[in-house]
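Q: Sharing a structure with you now.
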Amino acid sequence: MGACMALCSLASCASCLCGSAPCLLCGCCPSSNNSTVTRLVFSFFLLLGTLVSVIMILPGMETQLRKIPGFCQGGTTIPGIENHVNCDVIVGYKSVYRMCFAMACFFFLFSAIMIRVKSSKDPRATIQNGFWFFKFLILVGITVGAFFIPDGTFHDVWFYFGIVGSFMFILIQLILLIDFAHSWNEVWVRNAEEGNSKCWFSGLLFFTVLHYALAFAAVVLFYLYYTKPDNCAEHKFFISFNLILCVIISVVSILPKVQDASPQSGLLQSSIITLYTMYVTWSAMTNNPNRECNPSLLSLVSNISTTEAMPTSSPGMVQWWDAQGIVGLVIFLFCTFYASIRSSSNAQVNRLMQTEEGKGTVGGEEVGEDGLRRVVDNEEDGVTYNYSFFHFHLLLASLYIMMTLTNWYKPDITTQAMQSTMPAVWVKISSSWLGLGLYLWTLVAPVIFLNRDFN
């Protein structure tokens, strides 16, 4: 009897991985919508590729691989067996570029396939919501093929793809943060109106003050460590200009006319956007090739002079553990997870993100004959998110991860080194300006266009 039950369970899992049947949920899991589960699984593919990239760029990984007998060219050998693997390609920044190239191709493929899917009745929706095992094999196959791409100009060209894609993904991150802040404020204000108002409003005040305090502390540290009295004019401009813009959006968010048109707007959202803008400003300044204006974090902590902090003997060393890179990964993980489960009532954000939350049918809990919960198909009448745009968003996320793990350094195909460049600085700074402009538009648009519904 136990063997029969095990075989039935295995068959159910096989239908989930290899077929189009809705995936099974364990008995302790709540019933979930098809749209949410699909986004989570695709996001898991992205996170899996990110984890592989992080492992392959770890310091000393190539040294450890060369110790494996008969594996790396130039490494430990086994008599009679020739080492064929070029470990210089499967570790370091080259491996990150190839892994993220494979993920970008994978998501581009599905983005093209899923154009104009309107409901789960479309045959392509079956591909979107099932066949996970075959999708994984496709991703693995593209990844293996990517590692056979000749060096040549691949890294140099793909760097510019990464720059453009990362610029667009930073904007998407900002949109998701705006949406998160609106949802956060809306929920807490509603709880305050229904229950203990003093407690909820105190919480809103606390986090608002905390975000502004962290942003102000960041500005002070920027002026202290990333500017010099007779140098670093660009940094002085970046810090001052972004600070002025953040003050403007904060003031605009509490203007009476803005509050009347958009009661859900407020200082909590502005504080989050201000703090994120300071992060992007910091991230941009860390890419300045002028080391006098860009001290390393280790030199700041150890109180070492900037001229001694970064030796020039090893320009190809990429410190993926740089603090701004780690913060970038944390924000990326949060935004990726939030994009997979978000259910926003903000119409402006939904239009920007190509989602139509709440459009799909709301199904009840579906329980199979075996007593296990199944994913509910809530998109028979219409999809709740744009399939194609979601994959395009993950494509941009792949490029952003590539740039973040390599600290936005540009590969030099002649010296095989990684160099920091000013274009990366301007891309990040301009994305912060455009992001602030988008947030300002969400505040003033309801005031300018009074006859349009922005709720």
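We number each residue from 1, going along the chain as drawn.
Keep in mind that glycine also has a Cβ here, set from the backbone N, Cα and C atoms.
Please treat TrEMBL annotations as automatic predictions, because they have not gone through curation.
If you look up TrEMBL, you'll see 1-16 marked as signal peptide. Sequence annotations record features per position, and here TrEMBL assigns transmembrane segment to 36-58, 96-117, 129-150, 157-180, 200-225, 237-255, 320-341, 389-409, 429-450.
Explain the structural surroundings of these features, please.
A: For the transmembrane segment (36-58), same-chain residues at least 6 beyond its ends with a Cβ under 8 Å from one of its own Cβ atoms are 23, 90-93, 95-96, 99-100, 102-103, 106-107, 110, 128-129, 132, 135-136, 139, 143, 318, 320, 329, 333, 336-337, 339-341, 375, 385, 390-391, 394, 397-398, 401-402, 405-406.
Through the fold, the transmembrane segment (157-180) approaches residues 97, 100-101, 104, 269, 272-273, 276, 280, 331-332, 335, 338-339, 342, 344, 346, 349, 352-353, 393, 395-400, 402-404, 408, 410-411, 423-424, 427-428, 430-432, 434-435, 438-439, 442 of its own chain, all at least 6 residues removed from its boundaries and within a Cβ separation under 8 Å.
Here the transmembrane segment (237-255) has Cβ contacts under 8 Å with residues 215, 219, 222-223, 226-227, 265-267, 269-271, 273-274, 277-278, 281, 284-285, 429, 432-433, 436, 439-440, 443-444 of the same chain, all six or more residues outside its ends.
Residues 39, 42-43, 46, 49-50, 53-54, 57, 93, 96-97, 100-101, 103-104, 107-108, 110-111, 114, 158, 161-166, 168-170, 172, 286-287, 318-320, 322, 325, 328-329, 332, 336, 339, 353-354, 418-421, 424, 428 of the same chain lie 6 or more positions beyond the ends of the transmembrane segment (389-409) yet place their CB under 8 Å from a CB of it.
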Q: Hey, which bits of the same chain come close to the transmembrane segment (429-450), Cβ under 8 Å, at least six residues off its ends?
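A: Those are 167, 170-171, 174-175, 178, 238, 242, 245-246, 248-249, 252-253, 257-258, 261-262, 265, 269-270, 273, 276-277, 280-281, 284, 348-349, 352, in sequence order.
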